[in-house]
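Shown next, in structure tokens, is the structure this report addresses.
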Amino acid sequence: MMDALQNAEPKDSTTVTAEFTLDSNAINYVIRVLSSDGFYREDTVSSSPAQIQSLSPYTEYTLSIMAVNSGGRSQPSPTVTAKTVLSPPQLSTSSPSNDSITISWAPVAHAVLYSVSTFQFGSNTSMQYNTSSTYMTIFGLDAGSLYSIQGYAWDPEGRKGDLSLEVNQTTRPPTPSSVSVSMVTSNNVTELSVSWAIDPDVYGSVDYFVTSNHNLSCNSTSSPCSLSPVSCGEVHTIQVTASNEAGPSYPSDPEVFVTFPCPPESLTHHVEDTEENCTLTWDTVTHADGYKAFIKRGDGIEEICNTTSNNCTYHCQCGYMYLLSVVAFNQAGNSPAGENLNYTTLPCCPEDLTVSVVSTDTLEITWTAARGADMYQTRAVDNSEVILCNDTAPECALSDLTCDSPYSVVVIPCNDYSGCNHACQAHTKDTAPCMPTNMGLTENNSTCVTVSWTSTNRAANYTVSALGEDGSTLTCTTTGTSCDVTDLPCGSTFEVTVTADSDAGQSLPSYSESLETEPCCPENLTVVQVTQAMSNVSWSHAKGAQFFLTSLTSARGHARCHTQDSHCIMGCVTCGTSYTVAVEAQSHSGRVSNCAYEGFSSSACCPSGIRLYKMADNSLQVHWRSSSSSHSHSVEMAGSNNNYTCTAAPGEHKCNVANALCGDTYHVVVAPLTADGSKGIFCSARVFSVTCSNSNIGAVIYRGKRSVD
């Protein structure tokens, strides 16, 4: 039999440690375990100390030991008793708040007290708490921290029971702080970006949950988190809650955030009374701190108007298209782009406008192109009518106007967007004078004519123009209704017109009247005697003369010739007679000029009764009869071999030719001599034959009358 166990002590609630003295003859040992409730078990062990396991907690056991060898087992040793301790409490933990942990467990049989210890990771801080309850809450903990928790029970004997397993419990995360909200736009979606401060010492993963009273939420493991979609003009109450394995934190303090305002509506444009000032108005927008009006002109110049009211006055110039828009703003930002208002101001009034008279019934108006004008309406107004001209070009001709009338001319620029600008300045312009009418011509003399007419013009100067066929012009001017045109040349045809002039311009010429002056008298008229009784009258050209009536007039008779030529043969001219010479020049229309010239004297008459007589002294005597005693006479006697001459004084009617040869035929011419000694050329010759008687003149025989070659 072996000695009793040296020591038997509970190791934990299910194990007893037995110590004994080893037997050198033993191969192994058998420990017998008995309890009062009938428990019996033998455990084989090989050494000391030995662990007796799988016992019941807080139970008293009787233990004895036996040595075993090949011969068998020894007698059991004397018994000893050992009582196991209480079993460990089964801890259950939770974190009801971010600074507390609640621990609970099922009651441990026979326990009279419980001890709980906590250990905070990261700070090496441990605390121990005693309680007789099976539930306890520990406060004052750090939020979001990891705690290791163990506990054990105390039995009535004051023995500490088994230590429970470690239970790790994290406190709930801290309430998010420093929450801020801003608006962002991503992929054309407007969102609320919610951010908060994150405690870097918080243990483990933390989820954050962001909510808005507009039924929006988002989850994130980090800051920030976006709520979408959001709209303009919304008031959001936003809270952030942190959550970990222990549960959610308290929500953050509510953060009220107003989104950007909605865009203003009902944009309306007004033109102020003041020139070039315009006002843009719009409906007010809730939650707007102010407004920005953008006024963009067609040439790219932009004006921005900041205001807290619902209107804005800006400088608007004529002839521009304005793109108007308004955004509202608050601390969240600007409103989205709203409606745009296109407004086109009235086109500018044309500049450099000139009104010119281009004819009596037409005004031409030109101007520089006006900004903003697509079309121009030109109006000319007088007392009785309105003339309109619509065109896209910066010029216009208004015709069919009343002559000598004042017209108020205005150019009205228009476009399709804003209409027409009726505020442009009018210009007054008179049309040209009216054409004179009922023109009449009254001849005063051959070089002057009075021109008269009627006129309705208010005030005008009148010019009478007489245009000749050679291009020359004679004029006279007056402010009345008649005028004398003087210095009219002979033999001319004129087209006579009257025009009226004023500061406005010149009228159309009146209907023309033809004026024909008397034909000119021929110049350089000459009379050449062709025969004793016939003369050739010739003259130079006479302007305007178509016919000529030429006359030679004397007391002894006259001669006349009517011709279109510039010469005329006049018969029945009496010798030795002084004639007056006249020409009547006649135009094709019957106008007549009586032209007088230097007188003409026909040649002296040739003697008659010419006879040739034989004289006693072998000479010949020429004898004649003469109608004039005032002329000397020349006698020429021409034979085939000899010529003889002699001269008779005035009043004498004979002339002797001495020593004339007989046996010849003589041509005898007796002609009167002029004052300058020249002889008449129109006297004919008489032919006489002179015979010989021996060497003397025999008979004189008259052969007849021969004309001079």
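Even glycines carry a Cβ here, placed using N, Cα and C.
Look at TrEMBL and you will find 1-84, 85-174, 175-265, 349-434, 435-520 tagged as domain 'Fibronectin type-III'. According to TrEMBL, the region 'Disordered' annotation covers 72-97. The compositional bias 'Polar residues' annotation in TrEMBL covers 72-84. According to TrEMBL, the compositional bias 'Low complexity' annotation covers 86-97.
Beyond the compositional bias 'Polar residues' (72-84), the same-chain residues lying 6 or more positions past its ends with a Cβ under 8 Å from any Cβ of the stretch are 1-5, 8-10, 12-16, 18, 20, 23, 26, 30, 32, 34, 55-66. Sorting the domain 'Fibronectin type-III' (349-434) by DSSP state (H, G, I as helix; E, B as strand; all else coil) yields 0 helix, 49 strand, 37 coil. Residue counts for the domain 'Fibronectin type-III' (175-265) under DSSP (helix as H, G, I; strand as E, B; rest coil) come to 0 helix, 49 strand, 42 coil. Secondary structure of the compositional bias 'Polar residues' (72-84) per DSSP, as helix, strand and coil residue counts: 0 helix, 6 strand, 7 coil. According to DSSP, the secondary structure content of the domain 'Fibronectin type-III' (435-520) in residues is 0 helix, 50 strand, 36 coil.
Taken residue by residue, the domain 'Fibronectin type-III' (85-174) breaks down under DSSP into 0 helix, 46 strand, 44 coil.
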